[in-house]
Amino acid sequence: FYPMAVTGKVAAFHLPPLPTVGEIIRLFRLKAQKQLSQNFLLDLRLTDKIVRQAGKLKNAHVCEVGPGPGGITRSILSAGVEQLLLIEKDARFIPGLQMLSEAAPGKVRIVHGDILTCKMDKAFPKHLKKNWEDEPPDIHIIGNLPFSVSTPLIIKWLANVSRKDGPFIYGRTQMTLTFQKEVAERLTANPGGKQRSRLSIMAQHLCTVENCFIIPGQAFVPKPEVDVAVVHFTPLVQPKIQQPFELVEKVVQSVFQFRRKYCFRGVETLFPQSGRLKRTEQLMMTADVDPTLRPFQLSMSHFRNLCDTYRKMCDEDPSLFAYNYREELRQNKKMKNLPKSTSQPEQTEEENQL
């Protein structure tokens, strides 16, 4: 079952006859674990459709995250990839994946590990590297992600995109991933949309994000309570906000902290209580943002201006970026709860001033 040479071209790769994904699940007595939010996709027409969204995979290098019983894995191999790296946290799935590996000799590498801690800067051959300004490399990340992992993982990978490290050390590596339908709507929401959120800004300022299609919940085993969406990411050559990831994340998180209130209320939380009002006014005026807009009404250029202005303020006052609004709230609450002592009037007076 090795790919065979044909006159003038390479023959298409075909997997040999194998047990179905359902049979694999029964054979190894695999059960989706609710605490890991696992849901199996058994319909190979749907797994083929997911893989098609990734683009041309012929002779490509692919990393599949959380392959589970191997439904999407089969569709990836059938697309004629050069190499397939499987990263699976749950040891119960490894024997079934090894069966697939043996059916595609030399094509599959299995790593038993957690994708949230896996280092991916050496996951692919060096010769695949491309300059950031070039077309994306022939590398793809594909995954039917457990719901519990999807949001922290995409935030981690967006940070990698920003720094051009991890799986993006090879260039603008593309990703095709599944999310809860609601999370996918947040990733792709436009200004003014009810799903516009922190995820919308963090994803869209770094990538072209496309909500490809919806998979109904009943297609999965066990059936989740929500539908699932397939989302495709292509990193942008130039981010829309040219500031460090951590700074953008802090500003965006602060703005969306009070989602239903005017945006200035969230912006206030970037500054210590002392001088908060004055600095908030300075930031909003310099960034040319209407303080009475709601957070979900702000455009990408609004966020760019807020981040650029906040960066200048941090450069002028290096202690500003380290300021934590919630920590100050905790400290204030702690001070209020301290027992008052009449035997130490000087300390009591100092506490009152604080």
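Note that Cβ sites are derived from N, Cα and C of the backbone, with glycine treated the same way.
All chains included, 27 other C-beta atoms sit within 10 angstroms of the C-beta of ASN144 (S-adenosyl-L-methionine binding site). According to TrEMBL, the feature S-adenosyl-L-methionine binding site maps to ASN39, LEU41, GLY66, GLU88, ASP114, ASN144.
Look at TrEMBL and you will find 46-237 tagged as domain 'Ribosomal RNA adenine methylase transferase N-terminal'.
As annotated by TrEMBL, region 'Disordered' applies to 332-354.
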Maximal Cα-Cα distance (Å) across residues annotated as binding S-adenosyl-L-methionine, namely ASN39, LEU41, GLY66, GLU88, ASP114, ASN144: 20
Chain-internal residues near ASP114 (S-adenosyl-L-methionine binding site), provided their CB is under 8 angstroms and they sit 6+ positions away: LYS89
Chain-internal residues, separated by at least six, CB under 8 A from GLY66 (S-adenosyl-L-methionine binding site): ILE87, GLU88, LYS89, ILE115, GLY143, ASN144, LEU145, PRO146, VAL149
